[in-house]
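Since the structure comes first, as structure tokens, the remarks are kept for the end.
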């Protein structure tokens, strides 16, 4: 029997009998929840309760406990949501169980498996980057900034009113020349480059995408981008480099290394005057070594005390006496001349940590963990969060993720992203808001 607000018994049974598999394999993220909200399966309060759960397993259990009480259409809406979030194999599992006699064959195609491990996504190992599957990229539209938010935050932030906002360069090396290097094809790299192209296009950037470049071609491409005259009328810029890598460098398709410090120099205040005092963002999706982070067990209890901080002092304070003795005309010249540091107003996100020689994780079907989280965070948070805080949130999301490959050395492997910043103001993108229009 079906109650006034109940679910059909066969649908309830399908959820109950497959609940273990669903909790183990299902990705309950903002996109899935938004879809169920749009279908009136979940209220806003229910959505917040689910997403507030600290682990993926608990989010799944919370959702499954609510669905049977959400009406006769909740099951079909849930299956559609799984399909729309690229979890068709779970949708197939439920449909086949519910209507096994009518539909002996899968209703939806199963995802391609790369190994025999019965996990929620296929996994293999490649050199330099680990190809582990995880959450799907968020495809919801970039959420717009409101005029009220712009008015209340623009004064303390970098100017961000141009249209386009800036120029964006994406360099993606996926296939490497076998006669020149032993580097594997970065399967899933194509997903990253398309995710970034769409993301920055929606953020009102003019995007240039270049694929499979040798080191010299990368140098030429980056130098040409840094010299573009359009930087003069834009308020920021973005550079995304996707490749295999080691600490401090990334590989070209010819197996040669390009130093990242050389890249940053092309955009410093001396070599790129058109971007002086404008924020410049960099995202580096590459390993910084080949060691896999196996993670450590968390010990419950209070956090350890913070180490005592170093005492800081102005770099020039100790030379005060010498400066006082300088000639008056030299002081006057220095007073009148406005100078900038060699390099400033940059922020760079790295997929893995410096100094630990760690590998970055890449999903052969959905793209890399780091680019997935950058995409998700910018789409959902850029409207009211400045970039430094967004990258802190990305770090938090990466910290929670782990590989799933039972029986292999990569099971429960970890990754940790980080960022460096020389920003001097809040860096809000104020998406989809043009104060001059």
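Every residue gets a Cβ built from N, Cα and C, even glycine.
TrEMBL does not curate its annotations; it predicts them automatically.
Copied from TrEMBL, the annotated features are:
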- 7-97: domain 'CARD' (DOMAIN)
- 164-291: domain 'Caspase family p20' (DOMAIN)
- 244: active site (ACT_SITE)
- 287: active site (ACT_SITE)
- 294-334: region 'Disordered' (REGION)
- 302-334: compositional bias 'Basic and acidic residues' (COMPBIAS)
- 336-431: domain 'Caspase family p10' (DOMAIN)
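Residue 287 (active site) has a Cβ environment of 27 other Cβ atoms inside 10 Å. Across the structure, residue 287 (active site) and residue 244 (active site) place their CA atoms 6 angstrom apart.
Counting residue by residue with DSSP, the domain 'Caspase family p20' (164-291) contains 40 helix, 36 strand, 52 coil. The Cβ neighbour count for residue 244 (active site), using a 10 Å radius over every protein chain in view, is 27. Under DSSP, residues within the domain 'Caspase family p10' (336-431) fall into helix, strand and coil as 28 helix, 18 strand, 50 coil.
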